[in-house]
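**Q** The annotation transmembrane segment is assigned in TrEMBL to 15-33, 45-64, 105-124, 136-158, 230-250, 290-307, 313-335. Marked as domain 'CAAX prenyl protease 2/Lysostaphin resistance protein A-like' by TrEMBL: 239-326.
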Amino acid sequence: MSVSLPPLQAFPPGLAIFIAVSAAAAAWVAQDARARFAGGPGEGWVWAIGTLVALPIFLPLYLIAARPVGSVAVCPSCGRRTIGHRAACLHCGHPITFEAFPDTWGWGEVVGIAVVFMISLPVIAQAIGVEEVPTLAELSTFAVAQNLLFLALAAYVARVRYRRPLTELGLRGDRWPWRAAAGIIVGSVTIPLSAASEQLAVSLIGLVVGPQRAEAMAAAEHANDVLTRLLGTGLSTPALAWILILVGVIVPVGEEVFFRGFVYGTLRRWGVLPGALLSAVYFGAVHQQIVHFLPITVLGIVLALVYERTGSLISSMAVHGINNVVAILSILYGWNI
């Protein structure tokens with residue numbers, strides 16, 4: 001009896017990429033775990049095999065829950081990698097140069113939480129029953145759940161894993177009137193900046209696909225936006241007021257805690273400008289738009305710099321809220337901004 005294999009071209013490329021990524025992640029987990037767990041390789045292999053078989057589940061669990069925190073050093077006695085903030089090697093017990101417990105989270109937690117969102121948000125949307133044009137209740141439930149996840153996971157990493165106060169995430173209430181006022185002023189200035197960056201994006205894309213095609217792409221992104229479709233269904237005044245609260249308060253609070261307080265808080269160790277740029281690129285990428293990637297990224301840079309300058313997320317939340325509210329009003333009243 002012969003067994004025929006499916007033709008190579010029938011093998012989905014996406015599945016091949018996923019398998020390759022899972023294998024690479026599993027190899028990294030196996031190597032990383034050997035340096036962090038005492039008592040043999042057993043526990044590390046459990047996480048490595050789990051990552052290979054079910055990456056979306058095991059990799060984030062390892063990165064944000066099971067992985068012992070701390071930088072890794074090489075033991076001068078056995079030559080194996082071990083956690084540096086302990087007084088002795090995990091493997092041979094030889095004394096090593098003691099390093100302080102890390103004072104903040106790192107890229108591992110950022111990647112872990114990013115994977116959590118990649119998996120959980122589509123599941124939440126399906127559980128709620130979000131349609132192509134969601135109802136106000138569906139959109140509200142999804143937005144609140146998403147931003148509660150932003151807050152809860154960032155707070156868990158800061159408070160539980162690293163024993164840091166929430167002020168490390170930028171949640172500071174002192175001098176809040178000044179910080180809020182500064183954010184409102186900067187937010188007002190960013191409106192023409194966002195409009196100019198969108199026009200720049202259209203012009204740059206037009207160099208590749210042609211001006212008319214670029215304009216059509218921008219118009220399509222506007223028309224296909226979830227809020228644009230929802231607002232086109234004809235909502236009552238209380239419903240419109242709730243949408244303004246949702247996008248002007250709830251969404252900025254959750255997104256600023258995660259993208260600025262947590263992600264930028266990780267990347268700023270490489271410098272303010274590189275950290276602001278990288279966190280903004282991530283912020284732009286998760287919105288999954290082509291033409292509006294540039295204006296969203298520019299806004300992300302402004303938000304990071306405002307947070308860096310004021311030391312509090314209140315200011316960046318105000319900037320973010322102003323930007324979102326003006327976007328809603330421009331849809332309602334047909335403003336070309």
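Cβ atoms are placed via backbone N, Cα and C, with glycine included.
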**Q** Residue counts in helix (H, G, I), strand (E, B) and coil for the domain 'CAAX prenyl protease 2/Lysostaphin resistance protein A-like' (239-326), per DSSP?
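**A** Residue counts for the domain 'CAAX prenyl protease 2/Lysostaphin resistance protein A-like' (239-326) by secondary structure: 78 helix, 0 strand, 10 coil.
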**Q** Need one number: mean pLDDT over the domain 'CAAX prenyl protease 2/Lysostaphin resistance protein A-like' (239-326).
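**A** Result for the domain 'CAAX prenyl protease 2/Lysostaphin resistance protein A-like' (239-326): average pLDDT 95.
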